[in-house]
Amino acid sequence: MIIDGKRVSEKRLELIKEEIDESGLYPRLATVIAGDNPASLLYVQMKHRACERVHIGSISITLPGDSTTAKVLETIDRLNKDPEINGILVQLPLPAGVDTEQVIEAILPEKDVDGFHPFNLGKLLGGSPTFAPCTPLGIMTLLKEYKIDPAGKRAVVIGRSIDVGRPMAALLINANATVTVCHSRTKDLAAELRKADIIVSAMGKARFITGDMVSGDAVVIDVGINHVDGKLCGDVDFASVSEKVAAITPVPGGVGPMTIATLMENTFKAAKMQSCRTVH
């Protein structure tokens, strides 16, 4: 079975638009990007197009590539203080001279729609998340949509970043899965994968996972974004793995669209929370 993230994201975006229109709220998202990295610029454009589609207002702030940490923090502070802005997203990676951790921690937790602030990550680990990072949360939505219940299953997460690996593991634990996190120091990755019912790969190695490394009843979620011979591909060798497993996400058209749909959901959630606080 092919898990169609594009289809599910379209469905979610339509639902979000309806909910926003019925709410009477006008959520607003601010994106901050430093430099002219083509991939980052493309991702930001996609996010703003999604905002327009679901009736979320958005502004884009582009800073020079040689911006200092202080300059980025100044921008964040201004957005934190702006009551018209409900969500703040800093497009990563930031230029080498900018302290990414300091920038993330400067965003107000209630406007941290990316879910990277230590406060929000802590709540996620505690089992009561306010905002979870968009890619892992989007994956959980995909699993739910396809009636794949992680409870009691063995899940292997490859990667330990704060944007995918670590929060993905936490969400799966919260869903009662038995979770193993693998990474560059894991001694026998294939052995771990063969035992897994659910595999989430965010390792960044093109077509690394092959059919002989997975079991026949596995669900494989490919978060990898790699370019080979000018074409986009994931961490999974789709040709060999898709013939064997129970379900798999393609690249493109799998996880990527869900990340953006989840960002819209988080932004609307932020607007609702801030509206309630204003009213009361």
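Numbering starts at 1 and runs along the chain as it is shown here.
Cβ coordinates come from backbone N, Cα and C, glycine included.
The feature NADP(+) binding site is assigned by Swiss-Prot to G159, R160, S161, S184, I225. The DSSP secondary structure for S161 (NADP(+) binding site) is coil. Counting only residues at least six positions away in the same chain, the Cβ atoms of A202 sit under 8 Å from the Cβ of S161 (NADP(+) binding site).
Summary: among the binding-site residues (G159, R160, S184, I225), the fewest other C-beta atoms within 10 A of the C-beta are counted at S184.
Under the three-state DSSP scheme, I225 (NADP(+) binding site) falls in the coil class.
Mapped onto three states, the DSSP output places S184 (NADP(+) binding site) in coil.
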